[in-house]
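Participant: I am attaching a structure below and will ask some questions about it afterwards.
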Amino acid sequence: MKDSLFKRLVVTGVLGWMVLFGAVPTLMLLAVSFLKRDPDSLIEPALSLASYRELLQPALGSMLAESMIMAATATLLCLLIGYPFAYIVARADRRYTRTLLLLVMIPFWTNTLIRTYALVAVLKADGVVNTFLLFLGVIDAPLKLMYTPAAVFIGLVYTLLPFMILPLYAAIEKLDLKLLEASRDLGASRFSTFRKITVPLTMPGIVSGCMLVFLPALGMFYIPDILGGARTMLLGNYIRDQFLAARNIPLGAAASIAMTVIMGLMLALYYKSVRRAGRKVRI
Amino acid sequence: MNIWVKRVYAALVFAFLYLPLVVIAVYSFNASKYSLAWKGFTLHWYGQLLKNNTLVDAAFRSMTIAVVSATVSCVIGTLAAFMLHQYRFRGRRAVFASIFVMMMSPDIVIGISLLVLFLGVGLSLGFWTLLMGHVTLCVPFVTATVYARFKGFDPTVVEAARDLGAAEYQVFRRIVLPMAAPGLIAGWLLSFTLSLDDVIVSFFTTGPTYEVLPLRIYSMVRLGIKPDVNALSVLMIIITVAAVLLSRRLLKEKS
């Protein structure tokens with residue numbers, strides 16, 4: 001049967017849209033990352049690996065590593081705070097789960113820039129935290145919280161925590177309680193049940209939560225800008241500066257490609273963990 | 001874990017998530033300009049806000065772009081979901097994978113690659129490029145939402161319509177669209193909030209001629225906290241929360 005006009009229109013339209021705004025920009029970014037920088041016209045049409053070489057140089061490499069460590073630390077903090085919380089919500093009385101989840105979602109839906117800005121009001125010298133601690137008499141002079149790396153971590157965790165909690169909740173909620181009971185019946189301690197049963201079975205949730213936190217954490221350049229000192233930098237700040245301040249577009253493009261590669265690796269890890277968890281359930 | 005330990009822990013996490021929002025709301029009604037000390041209730045800052053034209057204009061632009069991009073994303077995303085659900089074609093799995101990858105892509109990579117595209121084609125940055133940026137950001141989410149709704153359908157209804165001689169377009173218009181309506185509206189509201197929330201893609205895809213609210217606030221924050229920004233933030237929080245509650249209501253009707 002010949003395809004109808006409607007079907008052809010839909011398929012061409014959607015695929016065309018995806019190629020134009022998905023594939024083409026990505027390929028262009030990839031192409032630009034292999035070009036040379038030109039001080040006047042920004043890009044010189046000559047193939048070069050200069051940007052990638054520069055990316056691997058010690059000075060830049062350590063900046064990249066620092067930014068990855070920052071994002072990874074924020075991710076780990078989110079996991080440590082989020083896992084027990086997701087567990088509590090998933091095991092709470094059915095009547096309250098929906099409301100609790102909704103309460104997690106609401107801040108996640110409000111503008112992240114407005115929330116970052118709100119954090120300033122909490123962390124500044126005469127902000128809530130300092131006023132409260134002074135009132136309690138814990139400290140005599142206001143703590144310097146703003147413009148420190150700690151403020152950046154607080155900002156990242158605050159903004160990204162819901163991205164960690166929601167996939168963890170979904171994974172923990174699916175957990176078959178019979179498996180945990182069986183493990184206890186067979187004499188495993190609470191801790192080894194958690195380590196050998198709960199963690200592997202909720203691994204897809206852990207990995208997808210980490211992915212949803214780690215990738216944006218690398219890119220949220222406005223959080224170090226607003227909360228951090230001049231020195232704190234994420235990969236996102238670096239990419240933005242290459243494009244807008246240093247005008248080194250090939251280098252900025254190469255850094256973005258590096259970020260895409262990180263995403264690819266994390267997606268691969270995610271699929272692996274889903275498959276492994278699936279296999280373990282069947283056994 | 002002891003029930004009280006659990007409750008206290010959950011309460012602490014919620015306190016962490018909500019404290020900044022509450023502080024902003026309190027500041028917005030506080031007669032004192034800079035300090036936290038309560039100097040009495042006032043609506044003065046809301047009045048000031050209305051007089052701050054750059055802020056109100058930026059808010060209006062943000063709303064406009066959110067409404068337009070949500071509508072465009074909804075059309076494209078629904079057609080994409082319909083295509084993936086109804087048609088079998090070569091590369092279908094690849095389309096699924098690409099939509100997932102687009103959804104997972106870091107905002108900054110989306111923003112930068114679109115900027116490279118726009119610079120390459122020679123488009124000047126403004127309303128249209130911002131619209132394309134937001135639509136690119138939102139379509140995968142609409143597709144996923146509407147596709148999930150399609151999966152809950154009884155496939156025999158569509159088959160029956162085809163057997164009775166309905167053309168493809170009629171199937172889509174008369175059968176699929178009405179059944180998917182709640183999913184569509186939820187997808188629309190999702191895009192609307194994604195667009196209002198977005199900082200990073202907007203940062204790279206819009207120009208000085210079309211400054212949206214987050215970017216306006218971004219440049220203001222460097223100059224210190226302004227009470228009228230607090231008032232505006234409270235209004236924006238109310239708008240997004242209302243949109244979310246509405247979309248959840250519509251999605252709930254399904255189950």
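Just so it is clear, glycine is given a Cβ too, placed from its N, Cα and C backbone atoms.
Keep in mind that this is a model prediction, so the values were computed, not measured.
I grabbed these lines from TrEMBL:
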TRANSMEM  A:9-35  transmembrane segment
DOMAIN    A:64-270  domain 'ABC transmembrane type-1'
TRANSMEM  A:68-88  transmembrane segment
TRANSMEM  A:100-125  transmembrane segment
TRANSMEM  A:145-170  transmembrane segment
TRANSMEM  A:199-223  transmembrane segment
TRANSMEM  A:249-271  transmembrane segment
Participant: With Cβ distances under 8 Å as the criterion, find the stretch in A:68-88, A:100-125, A:145-170, A:199-223, A:249-271 that has the most pairs with the transmembrane segment (A:9-35).
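Facilitator: Comparing A:68-88, A:100-125, A:145-170, A:199-223, A:249-271 against the transmembrane segment (A:9-35), the winner is A:249-271.
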Participant: Looking only at the recorded stretches A:68-88, A:100-125, A:145-170, A:249-271, which one has the largest tally of CB-CB distances under 8 Å to the transmembrane segment (A:199-223)?
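Facilitator: Counting Cβ pairs under 8 Å, the winner is A:145-170.
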Participant: Short question: which residues 6 or more past the ends of the transmembrane segment (A:249-271) have a Cβ under 8 Å from it?
Facilitator: 26, 29-30, 32-37, 42-43, 48, 50-52, 54-55, 64, 204, 207-208, 210-211, 214-215, 218-219, 235, 238-243
